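Note sheet for the following structure.
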Amino acid sequence: MLNKPVLAESLIVFIIVLLVHAVVWDRYSWCAVALSVQAFYVQFKWDRLLQLGGAVFQFRTAANSGLLPASMVIPLLGIVMKERCKSAGIVYFERFGIVVASTGMLVALFLSVIAVGVTKPVPTNTCILTGVAGSIIIYTMKHSLTVSEVIEVLEVLLIFVYLSMILLYLLPRCFTPGEALLVLGGISFVLNQLIKRSLNVIEGRGDPIDFFLLVAVVGVVLLGLFFTVLFIFMDSGTWISSMFFHMMTAVLGLGVIMPWLYRLIQKNPLFWLLQFLFQTQTRIYLLVYWTFLAASACGIVFYQNAKRSSESKKHQASTITRKYFHFIVVATYVPGLIYDRQLLYVAAVLCLAVFIFLEYIRYFRIKPFGQTLRYLLSLFLDERDSGPLILTHIYLLLGMSLPVWLFPRSCAPKGTLSGAGALVPYSGVLAVGVGDTIASVFGSTMGEIKWPGTKKTFEGTMTAIFAQIIAVALILIFDSSVNLNSSYAWILASVSLVSLLEAYTTQIDNLLLPLYLHIMFMA
């Protein structure tokens, strides 16, 4: 019997795909439609594999595979980027968008082929659909990509295969297949871009903050892989191991990551970063304000843990308590988006690196803070943190930051896009900070009418849509760079569809929702 929430989720994704391609229809639209149809069928094969325990790796069990919504994110991002940069006349980034779309389609197709290959008996109809979709995609790539671009796509696919085998083995139950596709696909693309740019360094070409993002992401991932392998042979909880951890972190940071960044930006990374952070009075005010908010977030963690100690019956934080952090993140990002987006870009990269480094300390039980972090953060666990890593707070940061990082600055005249595209950097704030938060708070306290097959409520979804419309009006008032050019109907449709997706998806909504709202606004 077909799962009604999965069917509803798939229908919403199909509508988004069709709406995007109604605006930007070209040869890649046929590929995207074919990919979405085959991903819909293969998704049920993945779900069956997860239920029967037939998957090669251990995936998160409290959710469906999520293959269809995840499969469409990277291709749609590439397609809308291509169109925006084409209209701006920036050929380099137009070709880059084509590479992103092609890479996303090929990686998603690879994950589908794996599911079909390990399903017994072999699903004939799904094999035919996968073959047809693959033929359309490969034929289009053959007539669209240059030889160097084909090689780049294959490089990303190869990195994805190796990363998947390593990380899914080391981190059981941390991802669904769809989440693995998004996270590992993104890391694979970032790693390939860093290698490509490192081999073709041209002084003065490229924005240092882009290089900073690439090096930071690859650096923390390589750091984690190194210590994971190392602590197979050592007990990570001892003082000797902890001292070795801190020493090797300093060695790798100063001996590998810093020289790598220096090669790319042709400046001392520490001096460049300090000069960048304290360049203007506005930046200093923002940094002081963000420090106060960070201290407030830490205060909430300590206060809730103190309450847990005094109220022994309460073992987990409530939904409303966890949403306090959403409000703090909104208060963090909105001033940055209005006053200094470049500072927000760099600060978000630094924050991501710190979050992942602290998770390493917690996971490996590194002294003196590893055990304390385990105790403090255990209060905020939910059903999505079923693996050895706690990732929900990192997903929240990613959901808010990805629209800022992915914003095509080179293709945006005067630093902003026209119409609904002006709201692209605010996608995370609207989808996660406002929509998801309001839906959870009002749905859990006042909601009575549940969407079929889910725990989410009609009242929560409607309130989320209304709150996001109010937030858009406030953005128009306070951010003078935003000019919607009468694209209100498209904005309402985008917000409504993403809010409905939040009601039905079992994937990590902090990651998925901002990306879909980003795609809709870019289109």
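Please read every residue number as a count from 1 along the shown chain.
Each residue, glycine too, has its Cβ placed from N, Cα and C.
TrEMBL lists 12-41 (among others) with the feature transmembrane segment.
According to TrEMBL, the transmembrane segment annotation covers 61-80 (among others). Non-local neighbours of the transmembrane segment (61-80) in the same chain are 3, 5-6, 9-10, 13, 16-17, 20-21, 24, 28-29, 31-32, 35-36, 39-40, 42-43, 46-47, 50, 97-105, 107-108, 111-112, 115, 173, 176-179, 181-182, 185-186, 189, 383-384, 386, 406, 501, 505-507, 512, 515-516, 518-519, 522-523; each lies 6+ residues outside the stretch with a CB under 8 Å from one of its CB atoms.
Within the chain carrying the transmembrane segment (92-116), a Cβ under 8 angstroms from the stretch's Cβ atoms is held by residues 28, 31-32, 35, 38-39, 42, 45-46, 49, 56, 65, 67, 70-86, 122-123, 126-127, 130, 133-134, 137, 141, 144-145, 149, 152-153, 156-157, 160-161, 177, 181, 185, 188-189, 408, 410-411, all 6 or more beyond its ends. For 92-116 (among others), the entry in TrEMBL reads transmembrane segment.
Sequence annotations record features per position, and here TrEMBL assigns transmembrane segment to 122-141 (among others).
TrEMBL lists 153-171 (among others) with the feature transmembrane segment. A Cβ distance under 8 Å defines the sequence-distant neighbours of the transmembrane segment (153-171), meaning residues of its chain 6+ beyond its ends; these are 57-59, 99, 102-103, 106-107, 110, 141, 145, 180, 184-185, 187-189, 191-192, 225, 228, 387-389.
The transmembrane segment annotation in TrEMBL covers 211-232 (among others).
Non-local neighbours of the transmembrane segment (244-262) in the same chain are 198, 211-212, 215, 219, 222-223, 226-227, 230, 234, 236, 268-270, 357, 364, 366; each lies 6+ residues outside the stretch with a CB under 8 Å from one of its CB atoms. For 244-262 (among others), the entry in TrEMBL reads transmembrane segment.
The transmembrane segment annotation in TrEMBL covers 282-303 (among others). Tertiary proximity for the transmembrane segment (282-303) is limited to same-chain residues at least six positions away from its ends with a CB under 8 Å from its CB atoms, namely 321, 324-325, 328, 331-332, 335-336, 339-340, 343, 347, 376-377, 379-380.
Per TrEMBL, the feature transmembrane segment maps to 345-365 (among others).
Annotation source TrEMBL lists transmembrane segment at 386-406 (among others). Under 8 Å from some Cβ of the transmembrane segment (386-406) lie the Cβ atoms of residues 60-62, 77, 171-175, 213, 325-326, 329, 333, 337, 341, 344-345, 348-349, 351-352, 355-356, 359, 362-363, 377, 380, 424-429, 431-433, 508, 510-511, 513-515, 517-518, all in the same chain and six or more residues away from its ends.
The transmembrane segment feature in TrEMBL is assigned to 458-478 (among others). Long-range contacts of the transmembrane segment (458-478) within the same chain: residues 338, 423, 426, 429-431, 434-436, 438-440, 442-444, 446-451, 484, 491-492, 495-496, 499-500, 502-503, each at least 6 residues beyond the stretch ends and with a Cβ under 8 Å from a Cβ of the stretch.
The transmembrane segment annotation in TrEMBL covers 490-517 (among others). Non-local neighbours of the transmembrane segment (490-517) in the same chain are 5, 8-9, 12-13, 15-16, 19, 62-64, 66, 69-70, 73, 77, 176, 178-179, 182-183, 384, 391-392, 395-396, 398-400, 402-403, 419-420, 423, 427-428, 430-432, 435-436, 439, 451, 454, 456, 460-461, 464-465, 468-469, 472, 484; each lies 6+ residues outside the stretch with a CB under 8 Å from one of its CB atoms.
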Same-chain residues at least 6 beyond the ends of the transmembrane segment (122-141) whose Cβ lies under 8 Å from its Cβ atoms: 27-28, 30-31, 34-35, 37-38, 41-42, 45, 102, 105-106, 109, 112-113, 116, 150, 153
